[in-house]
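Inspection log for the structure reproduced underneath, given as structure tokens.
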């Protein structure tokens, strides 16, 4: 039987699971994301730009390669496809559509696909594309129909389906009304099946007019925060990459829960992670002969008979009063359950009551889910407005999943912020701040240090003011993780050497010296003595010898037999330290194979009881 403590999960594990992909309870993955690149392969796409600028086709292939590599790192289980339209050759399932070339089926990205896209870049890539596909007539309706068939052939559950069209022609059919009507009809069919169609239009002589044809093809933005149809075409690679990056990532809720404001007043909210810790991916065990991933299975056997145990035959136990209490898994789940997952409003507190030290875990973001419960957005907006006006936060009880202990959280209101172009910078909603329990707070004795003079403090303020800059978390990448992925990329793509990375966290010494000027030397003259050299190490302090002449030893922790019996009767054995328990076992001659506290307690209880 498994011990009770082994059944409980650590809170750190809970936090790590919340940051990653969720599973269990209301935190379940609804499916995989999918993305189809529909690229124009007409002759206009291969015309090079002015001043040696890359062609629109070359820019598109660089973006596709960048998305492939980022997807492999961030979410390798998502599905991606690359389809060309306006080609001379045809290659698609059952070859039902002419002038449509499916270069990559809808599948998980891999190193082979990255190499295929890499081969289509540059002058050699344009030549390879001309030899493989060529340029011919255009029928966007057939291309959209072919993409719809790619989605229909997938048996997996897809949570989000997106299709991106890359072209530099605002009238791909040259004014052919029949083909235009067919394309609009097929685009409407795709939208009804949940496919989001985006346009990544590229620069062409005379400008790109989206109102001629594509305004009826592209899907409207799903919410206010999403980037809609841009009127200006992309003429630079950085601009195109920025737009694709903004479109490809779907905002996925960690959980959808109910926020209870009172009896019978519930609204649906989604919980989103605003920042996630970047970690190296876990190691995957491979079979050495086939190099395929190995799946491990865990089975539990009876220690005496060796028979295989079913999950229903495994019990949980807890020692209490020298007796082992056995419980079923359902009973343990019932004990662990406090309430159903959700948020319950307790009351409101002024913002002055919330201190910086109350922030003990990464905060999450709360946003209404109108699709779950009608009227949630209106009620949520009213609550947000009143909290902002009165400068208060909402105190709530928060249970993230079934059988998880409750936490108390503060819902801090956040107003919407937009830039000069009326583009949303900060969304409206509540920041969920996890509040500490009494056990989470401890008092520390501040070390005694000499007090600095006011002159040196003022000088240091000048130095700090000179070194201040506007911090952005996305401006600093983890060099260890970046180098790790560069090494993996070089290994997978058979590169001679991995790409060099810029360590953005290293200080810019020259720029710092230029900013500070003589301030550093002035501060040294104020604080340090004239002969101070920071390069020399201070001499190690000699330890004073004890009065007894020998090295001081740690005193043994001894507990008498009467004290142990008193602890057993009162049920306070857990208050003793592991060192005291080990010393007691050694004193009574008890042999113990384990070193855990509970095992030592059980051994002593058994000895004293006998």
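Just so you know, glycine gets a Cβ as well, placed from its N, Cα and C.
Your range for region 'Disordered', going by TrEMBL and the list 534-559, 560-585, is 534-559. Per DSSP, the secondary structure of the domain 'SAP' (573-608) breaks down as 26 helix, 0 strand, 10 coil. Mapped onto DSSP classes, the domain 'Ku' (306-452) shows 35 helix, 52 strand, 60 coil. Per-residue confidence over the domain 'SAP' (573-608) averages out at a pLDDT of 75.
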